[in-house]
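**Student:** I have a structure here, written as structure tokens, and I will follow up with some questions on it.
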Amino acid sequence: ETNAWISLSNSFLYNITYIFVARWEHSTRRLTALFGSPYVACYSLGFIILLLNVCRSHSMTVAMKTQPRWEVLEQTEVYYTGVVFMMAGTVLVVSSFLALGFTGTFLGDYFGILMDEKVTGFPFNLIDNPMYWGSTANYLGLALISRDPLRYGCDVRETGDKQFQNLSGKPQIHVGLQSHHVCYGNGSIS
């Protein structure tokens, strides 16, 4: 489906920006030279990353609206479990951002902007990589709330099963990638 491919492309672009542009800046310092300051360059890249995140989220939402709902998940307990996941995920993401600050969150170390000391307070004293775990919890929570297997970020194999058919009755192949997750053919997420 076109919307799923657009969403996948946006996710790819988002991750390319994070990975390659930051590494390029680290080795060349060209953005710092262009903007005249590592802080201005970091804030500019962070702003672009935020815009790409909005585009990615929008394209994922558009793709999800065309997907069938998973009837197995239409239970009140599942909905409230999703709410709990989203609340916990939001706490982890927001508290991580507050602990790291903008430059700590958006690749400041690639621009030579280092923190004075390692962050060891909440939520980093609970788990490693709390922002990644928080994002994962948010995506899982959204998937549970919406009863949409695409939001899990894994592909649901082509099926003729009624619960995975769209309104036209045609079997669907769901394709989805979420940032920071790798989906395997057996449905597991890493």
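Numbering starts at 1 and runs along the chain as it is shown here.
Heads up, the Cβ atoms here are built off N, Cα and C, so glycines get one too.
Features from TrEMBL:
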{"type": "BINDING", "residues": "Met87, Ala88, Gly89", "note": "S-adenosyl-L-methionine binding site"}
{"type": "INTRAMEM", "residues": "3-23", "note": "intramembrane segment"}
{"type": "TOPO_DOM", "residues": "23-34", "note": "topological domain 'Lumenal'"}
{"type": "TOPO_DOM", "residues": "56-82", "note": "topological domain 'Cytoplasmic'"}
{"type": "TOPO_DOM", "residues": "104-146", "note": "topological domain 'Lumenal'"}
{"type": "TOPO_DOM", "residues": "168-190", "note": "topological domain 'Cytoplasmic'"}
{"type": "TRANSMEM", "residues": "6-24", "note": "transmembrane segment"}
{"type": "TRANSMEM", "residues": "31-52", "note": "transmembrane segment"}
{"type": "TRANSMEM", "residues": "78-108", "note": "transmembrane segment"}
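Looking at the shown structure, what environment does each listed feature sit in?
**Tutor:** Packing around Gly89 (S-adenosyl-L-methionine binding site) is summarised by its Cβ count: 22 other Cβ atoms lie within 10 angstroms of its Cβ, all protein chains included.
Mapped onto DSSP classes, the topological domain 'Lumenal' (23-34) shows 11 helix, 0 strand, 1 coil.
Only residues 6 or more beyond the boundaries of the topological domain 'Lumenal' (104-146), in the same chain, are considered here, and those with a CB under 8 A from a CB of the stretch are 18, 22-23, 25-26, 29, 31-32, 38-39, 41-43, 45-46, 49, 64, 69, 73, 78-79, 81-93, 95-97, 152-153, 178-181, 189.
Sequence-distant contacts of the transmembrane segment (31-52), counting only residues of its own chain at least 6 positions beyond either end whose CB sits under 8 Å from a CB of the stretch, comprise 10, 13-14, 17-18, 21-22, 25, 102-103, 105-108, 110-113.
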**Student:** Can you check how the pLDDT averages out over the topological domain 'Cytoplasmic' (168-190)?
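**Tutor:** Averaged over the topological domain 'Cytoplasmic' (168-190), per-residue pLDDT gives 35.
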**Student:** By Cβ count within 10 Å, point out the most packed of the binding-site residues listed: Met87, Ala88.
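**Tutor:** Buried the deepest by this measure is Ala88.
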**Student:** Which residues, same chain and not among Met87, Ala88, Gly89, have a CB within 8 angstroms of the centroid of the CB atoms at the recorded S-adenosyl-L-methionine site?
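**Tutor:** The answer, listed by sequence position, is Val84, Phe85, Met86, Thr90, Val91, Leu92, Gly134, Ala137, Asn138, Gly141.
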